[in-house]
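In what follows, a structure is listed as C-alpha cells, so that the remarks can point back to it.
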Amino acid sequence: MPVESGSSAAARQAKQKRKSHSLSIRRTNSTEQDRSGLQRDLLEGQDSKLPLSLRTNLLDLFSQIEREFENLYLENIELRREIESLNDRLAADGQAVEGADLAKGALKTKASHSTSQLSQKLKTTYKASTSKIVSSFKATTSRAVCQLVKEYVGHRDGIWDLSATRTQPLVLGTASADHTAMLWSIETGKCLLKYLGHQGSVNSIKFHPTEQMALTASGDQTAHIWRYMVQLPAPQPVADTTQTPCEDDVDFSDKDDADGEVEGPNDCPSVRVPTTTLRSHQGVVIAADWLVGGKQVVTASWDRAANLYDVETSELVHSLTGHDQELTHCCTHPNQRLVVTSSRDTTFRLWDFRDPSIHSVNVFQGHTDTVTSAVFTVGDNVVSGSDDRTVKVWDLKNMRSPIATIRTDSAVNRISVSVNQKIIALPHDNRQVRLFDMSGVRLARLPRSNRQGHRRMVCCSAWCEDNTTCNLFTCGFDRQAIGWNINIPALLQEK
C-alpha cells in the first residue's frame, strides 16, 4: 500500500485549513450583515440626540472594526495550530536524529556555558569596580561639613538675587520680586535697611567695591544706584551649632512651611530715592554689575542689549548689542575691564574694554539651552551655567572648548565661585545646591529636609569669605535667604 509523503500531506492539510478559513469568513460576513440589520432596527427604536444618518455611519464603522478583529482572531487560531503541528514534527525529527546531533549539541552546550561564565565574570568585575568608585566617592564627600547658620526671612515674594559687601560693614543684600531690596545683618539675621525706590521686581543687587553704595536692576526698565548707612547690631550666639555632613541621604520632604504670608520687618528703616537712575533700556533690566574701580556699571536687559554707563554722569557710554534673544545675566572681572553677558540664545559673550580704542567681543557657543549665568574667577577662567543642566569651565586664553564640564540632573541658575577655595556653588531648580571644584569634581551637596534648606527653586548663590560665620549664601523662591558655613578640607579640594 503506497505511503503518502510528509510534504504532500502537509500541503493538503494547509489547503484544507485555508478552505475552512475562507468558509468561516463567509459565514462571519453573512452573520455580520444580519447582525448589523438587527442593530439598525434596535437603534431606530432608541432615544438619541444624534441624527439617524450619523448613528448609521457610526454603526457601520464599528461593524467594520469588529469584522477586522474577528478576521485577526481566526488567523491567529490557524497560525497557532500550524505552530503546534510544526513543533510536533520537530520533536519527532529530534528524537530520530538525536544520536547523530549529540556531538553538536554537546559543543553548543559547552559554548553556551563558557559564554555564560564569561558574562557573569564581566558583570562581577564591573560591579566590584563601580562599587569601589562609589564607596571611595562617598567616603570623600562625607568629610565636607556644611552647616546652616542663619535664615533671613522678611520678603513677601521670591528672592531673585543676593550679594555680600566686599568692605566693612559686612552686610547681605537681597533682591526680591516684591519690588524691594533689603540689607541684612549677617550675624543676627536682622533687617537693617529696605530699599523701596523701584516700581517693579528687583532682579539683581551688587555692592560698590569700596563705598557704601548699592546697584539694583529692576523690571521697571531701570537700574538704581543708592547709598546706605547701617549700624550693625551686637552679634548673638548661634542657636544650633550642630555640624551636618554634606551627604546624599537626607529627607526630601515636600512640606512647605513658607506658603503662608510672611510678615516683613516693620521697624526696618527704608530708602526711597536713588542717588542715580540709569535709563535707556526698552525692556526688563535683569542684572547689573560694577566694573573694576566702581566708576562704571554694566546692565543687561531683555531688550537683547547690555549698556555701559558712567556712574558720575549717568550717561550711556556703550550699548553692547549682538545677542539674538533676551539677556539673562552680566558679570564683570574683579581685576580687569572685562564683561561677560549671558543670553537665552544659548551663548555668552566676552567684552574686552582694557584698550579704550578697541572694544573686542568673543562669542561662545558651548551650551544647548539658555545660559543662565557666566561668571569670572580671580584667575583666567570663566564658569558658565545653563538650563541644559550643565556647567562648563573655560580658560580665557583658549576658549574654543571647555576645560571641564559638570553634568547635573536639573537646570542651573545663577552660580558663584569662591575666591579662596575655588569652589563653584550650583543653585538648581530642584531645590538643591551642589558644590564642585574647578576640575568638575563634586565636593558636596548642601543638606535639605523639611526642617532646613530651601523649599522652592534656588535662584542664586554668593560667597562671602571675609565672614567667618557664614561664607556661602543662597536664596530662592521660598522667600528666604540662607547663610551657610562650608568647610571643605584642603585634601579634599586637591582631589
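Glycine is treated like the rest: Cβ placed from N, Cα and C.
What TrEMBL says about a protein is an automatic prediction, not a curated fact.
Some features that TrEMBL has for this protein:
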type	residues	note
REGION	1-39	region 'Disordered'
COMPBIAS	22-31	compositional bias 'Polar residues'
COILED	62-89	coiled coil
REPEAT	152-194	repeat 'WD'
REPEAT	195-226	repeat 'WD'
REGION	239-269	region 'Disordered'
COMPBIAS	246-264	compositional bias 'Acidic residues'
REPEAT	278-319	repeat 'WD'
REPEAT	320-361	repeat 'WD'
REPEAT	364-404	repeat 'WD'
Per-state residue totals over the repeat 'WD' (320-361) - DSSP helix, strand, coil: 0 helix, 26 strand, 16 coil
The repeat 'WD' (195-226) [mean pLDDT, rounded to integer]: 97
Contact set, same chain, for the repeat 'WD' (320-361): CB under 8 Å, 6 or more residues outside the stretch: 283, 286-292, 298-308, 367-376, 378, 382, 384, 386, 388, 396, 399, 414, 419
Secondary structure tally of the repeat 'WD' (364-404) (DSSP, helix then strand then coil): 0 helix, 21 strand, 20 coil
Composition by DSSP (helix, strand, coil) of residues within the repeat 'WD' (152-194): 0 helix, 23 strand, 20 coil
